[in-house]
Amino acid sequence: MDGDLRGDTVHIGGDARQRFHDARGYGYPLGGNDIAVSLVEAAHLLFRGDLDSVDGMGFRAFLTDREAGFAARFLVYVDLRDRGFYLVPDRDPWWRDPGDGDFVVFPRGNTRRDGVVKHRVRVVDERTTLPVDGLSESVLAVVDEESEITYLDIAPETPTGETTLDRPTDVPGVLLDDRVLVWEPPQRLHNAGFYGQPLGGRAADHDALQLSLVEAAYLIDAGVLRLTDATIDDVRARGRLGEGEHFDCRLAVYRALRDAGAVPKTGFKFGADFRVYSAVSSVDDLGHSELLVRVITDTHVFSPGDLSLDVRLAHGVRKRMVFAATDDTDDTIRWLSVSRLTP
């Protein structure tokens, strides 16, 4: 059986509708028994030996005659078919509600007629740049230089928490280098709110709480903390001295997390900006943090390798990786959760 190349589709006659479309989900009907299939579907049919040729080209010639990026899409298509999924190109007329990805994947045992979507898949290679403003809810299929495929699930995130605290007010503190010290602090500030770290160990002769600059700036804004030797502008300036504008971005994200009832703490040892606990009632009964948050700007550009590295690190410590993209006013934060996926 042969196919005819018509632009970006291949037309197949004979018993193609019953054999390929009705039974196995390829292409769309043209009328009678004829169907049109996409180029990647045609390549798969050639690869399997179901088609003999397209315009006289066998599989090898057809594959090498395609545009840049086709090989990666073909590899992902083959992989998902081999995993037992039906899938179609993410465009009309294959799918009634086309998006900006490459494939619409249906649950095992389902076809497009069932109308249930399992994944929207976008295919990239490992050298593709990925602007954060171009990432949407989808599965990113990254094809590396050895043709292995990594699937990353990208989804919007809404951080929430259940931490409540009767916060004190007008607590005095002093600015010391890149932290703020609170002498004789209200115990609930750390014990129930998990703000700061106590100075010294159990044998310390002085009761003091160390606050990071981000924590201090947030607590000053909230009316909890009052500096006796500096202002909030001094705290911000000290933060910018070491981080530049990233300090303001981190502060905006910290504020959003705290205001949502979550508890962000430094994520330095995990290579992130914050580790986040959804609920803290006492530091003596502290569970594991659930999220790692990396703060970026809304103009950030990922490489697939860096994205995969962050996700693998979070997975290795049993956390989810979340990216918080701030705009130039720090008023709007876009949250994206990225995790590894096995289709």
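Using the three backbone atoms N, Cα and C, a Cβ is placed for every residue, glycine included.
Taken from Swiss-Prot, the feature active site applies to Y277 (among others), supported by sequence analysis. A sphere of 10 angstroms centred on the C-beta of Y277 (active site) encloses 21 other C-beta atoms. DSSP assigns Y277 (active site) to a strand.
Every protein chain considered, the tally of other Cβ atoms within 10 Å of the Cβ of H288 (active site) stands at 9. What Swiss-Prot lists as active site is H288 (among others), and the listing cites sequence analysis.
Per Swiss-Prot, the feature active site maps to K319 (among others); the stated evidence is sequence analysis. Contacts of K319 (active site) defined by a Cβ separation under 8 A and a same-chain sequence distance of 6+ are given as F270, R275, H288, S289, E290, L291, L292, in order along the sequence.
Under the DSSP three-state reduction, H288 (active site) is assigned to coil, being neither helix nor strand.
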